[in-house]
Amino acid sequence: MNYTIKLSRGGMQNMQNNHFFSSTVRVGPQQYICEEGVLESLPDHLRQLDSSNILIIHGKESWKKARNYLKNIYRSNFSIHEFLFSGECTETSIDQLKELIMESGVDTVIGVGGGKIMDAVKYAAYLADRRPFILIPTLASNCAPWTPVSVLYHADGSFDRLDVLPAQASLLLVEPRLIIDAPREYFIAGMADTLAKWYESEEILAQSVFKESPILTMARAAAKLCQTTILEKGQQALADLEQGRLSEEFRSVSEVIISISGMVGGLGDDLARTTIAHEIHDAVTIYPESHQFLHGHKVGYGILVQLAVENKWNEITKLQSFYRSLGIPTSLFDMGLSHLTESEIDFIAIQASKPELPVHHLPYPVNTAIIASAIHKLEAF
C-alpha cells in the first residue's frame, strides 16, 4: 500500500520542541449528497462516471430494504452484477472481493450496507486497480462511508488492524428514509462512536503547538460539533428513529455520525483519528463475550477508560448518565467481562498502549500500568 503518514508515531515530544508537524488531509468523498429521494438520481451519477458495468456488493437484511430505493438503475441500460457479502471484513474477504471485481470486469463498484461492507468495498476497489466506488450506507452506525480507512478483523471477530487507503469514494449517497429504517442499536452505537471523536482528540489538539494550524483548528471544531450534537440531540433523535420521524434532530445526528465524525480524522490525520478509546475497543475484541456488542458500544466504554486515565471523573459521571439512558456499557461488567483476571486486564492494557500506536500523541504518559489502573478504578467507580 503506497501510503505514508507524514507524522511519525511517538513523535509528540519532537513536535513540541520544534513546533513542526505534518499531516495528510483527506477531507472526504468526491461528492456527498444526503437528501430524501437521492437514490432516484443514481443512474445520472453513474453516467457521469461513464459507468456501464456495475457490481453491487450488499448485505443480507439491509438489502431487502435498500433494493426498493434502487429500482431506477435496474430500469436503466446498465449491466448489473450483485454479490452478497457476509461475515467479517477480513484480509481474505477483501482479497476475494478484489478477485471478483477483476474477473467480472466491472467499471464501478457500489457498496450497500453497514460499516463492514463499506470498509471491504473501499479496500477491494482500491486493490482492483483503483476502481471507482460508490457507497450507500443503510445504517448511521459509524463514519466508515466517509473515511479512507478500513478496519480489518480476524475471522473470529477479533481486531486485526486499521489501514489508511489513498482513495475515497467517488460518491457517497445517504437516503434518510433508509437510514431511519434501521435497528435502534446501530444508531446508538453510532452515537457512542461519534462521541469518541472529541474525547480522543481534544487533549492533543488543545495544545498550543497545534492551535496555530487552521486545518487542525477545523478538525477540533468538527470533533466538538460531534460531542455537542450527540449529547444535546441524541436522545430525541433516537426517539424519532423509533417513531420513524425524519426530524431535524434525527437528520443532524445522522449526518454527524456519518460525515462530520469522518471529517475529524480526514482533517486531523493521525492526531485526530483514534487514541485510547478505540484501542480499548480493539483489545477487548479478543474476548468472545464482547462480540454481542457493536463497535460503537465498545468504543463508548473505551471513552470512559480514557477519561479515567485523565482523571476526569465529573465528565465520566455525566457520560454514564447519558450511556445508561441509551444502554451503552459503562463497565466490563456491563459487557459480560467482569470475570477477567488481572493478567487478562493487563493484556487489554498492553494491547492498548503498544509503542507504535497513536495513543502516544497524547500529552501525557500512556503505558500498561496506567491503563490497567484506569480500568480497575472505572469498575469501582
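From the backbone N, Cα and C atoms, a Cβ is placed for every residue, glycine too.
Per TrEMBL, the candidate among Asp181, Asp193, Asp334, Asp346 that belongs to the glycerol site alongside His278, His295 is Asp193. Long-range Cβ proximity for Gly115 (NAD(+) binding site), meaning a same-chain Cβ under 8 A and a gap of 6 or more residues, is found for Pro137, Leu139, Ser141, Asn142, Ala144, Pro145, Val151, His295.
Spatially close to Asp193 (glycerol binding site) yet at least six residues away along the chain are Ser141, Asn142, Cys143, Ile257, Ser261, His295, Gly296, Val299, Gly300, judged by Cβ distances under 8 angstroms. Residue pair Asp119 (NAD(+) binding site) / His278 (glycerol binding site) shows a Cα separation of 16 Å.
Cα to Cα, Ile117 (NAD(+) binding site) and His278 (glycerol binding site) are separated by 20 Å. Reduced to three states, the DSSP call for His295 (glycerol binding site) is helix. Across the structure, His278 (glycerol binding site) and Tyr153 (NAD(+) binding site) place their CA atoms 14 angstrom apart.
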